[in-house]
Amino acid sequence: MLKVGIHPNVVTFNMIINGACKISDIELGLKLYRKMGIMSMEYINPNSITFNCLINGYSKLGNMKSAESLKDEMTKMGIKPNLITYATLVNGYLRKGCKKDAFRLCSHMVDKGIAPNNVVYNSIIHWLFFEGDTTTASVFLSYMIKTNILFDKFTNSILVTGLSRNGYLNEALDYHKWLVGKNLVDKDLFLENTLVHYLLRSGNESTLKVKQVLDDMIARGLSLDSVTYGSMIDGFSKQGSISNAIRVYDDMIKEGKKPNLVIYNSIVDGLCKNLSVDLAKIMVDELKKLGLFDVVTLNSLLNGFCANWNINEALNLFFQMQEGNLVNEVTYNILVNFFCKIGSIQEGKEIMEMMMVDGVAPNSITYTILVTNAFKKSKVGCYSREEVIELHDDLMVKGVKPDGQTYDKIVGPLIGEESFEIS
């Protein structure tokens, strides 16, 4: 542009800065902002949009200190932060779990005469529900009602999802029923699929309520989509009701819906956990022919073999997975756990060594499996307390760190010579 005598204006700069921030190149965006005057014929002042783009970029990266400093900078330049500025900062702080800072900014915007809208409240309520703080979420919802701030479809989705994930399923169902009565539910099935998902996660007694949700969908002229079927198959599989999962799968096929890999993985995992490993193996063999499998599929089958004490099949599968480079930390942890459970801590350690050689980093779960099982053996005289501490030290040297809970329950007390029990 400059070479042909065309000089960018503030709109052009804002578009480029926004693009840079969207691809997480915040440094480029900041550089362009600093050079706005130099790169044009006359000095161009940034505006609120310029700053909001940069603040959004920093917020998405979690750098809230820089994001808020830009708000202060725009104020010094005589550019007033607006609703978008504050909404972006509030959401950024909430994403980091910094509720106090988010609430501080809410108070600050009110002091500046800027009233929070439903976008700001939706953000706050979403993250409060996500953290399980239903009490404070209810306070903000009440305030929205009190101040006549309209609920939009996002508020409704947040409310149904938040209530469901926090165990208030009856309240979620009642609210959904009210929304349907007011014709405020979209036909994208998001709310219905959310209810089905959380209902099935809540236990076997939820089946009747799921049927009511599905019947209501059909009565409204809606058809089950792949997400609905997938949620039901996964939910029934996790409940141990594999016959129901297979029935739903059959219905899905009859309706002409094509199952995806996630759905097949749910069925394989359900079969393995219900000790139907032979059927799971048949399904995996068929999926392999279709090229429709991944490390999750094979890990489920590997875990099924181990749970059935079929070590030969487990090791054969493991070596095939190694050869095909279809292994991850879960793969190795399954085998480490199996060998530790049969009392062979040493073989579990050898699997971990193999894991490291293969370039897969052991994690806190690997540590917990090895140290917990070694400690259990020490309680029956098969392992000394010193050996447990030595194992801990060896893992630490290898960069395998514990989570706080395992260390506090086992290693810390051992070093302090405290006695306690672990189940």
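Any Cβ shown, glycine's included, is placed from N, Cα and C.
Taken verbatim from TrEMBL:
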{"type": "REPEAT", "residues": "9-43", "note": "repeat 'PPR'"}
{"type": "REPEAT", "residues": "47-81", "note": "repeat 'PPR'"}
{"type": "REPEAT", "residues": "82-116", "note": "repeat 'PPR'"}
{"type": "REPEAT", "residues": "225-259", "note": "repeat 'PPR'"}
{"type": "REPEAT", "residues": "294-324", "note": "repeat 'PPR'"}
{"type": "REPEAT", "residues": "328-362", "note": "repeat 'PPR'"}
Which sequence-distant residues neighbour the repeat 'PPR' (225-259)? Criterion: at least 6 residues beyond either end, Cβ under 8 Å.
189, 192-193, 196-197, 199-201, 203-204, 207, 210, 214, 266-267, 269-271, 273-274, 276
State the non-local partners of the repeat 'PPR' (294-324) in its own chain: residues 6+ outside its ends, Cβ under 8 Å from one of its Cβ atoms.
261, 264-265, 268-269, 271-273, 275, 277, 280-281, 284, 287, 330-331, 334-335, 337-338, 358
Secondary structure content of the repeat 'PPR' (294-324), with strand meaning DSSP E or B:
26 helix, 0 strand, 5 coil
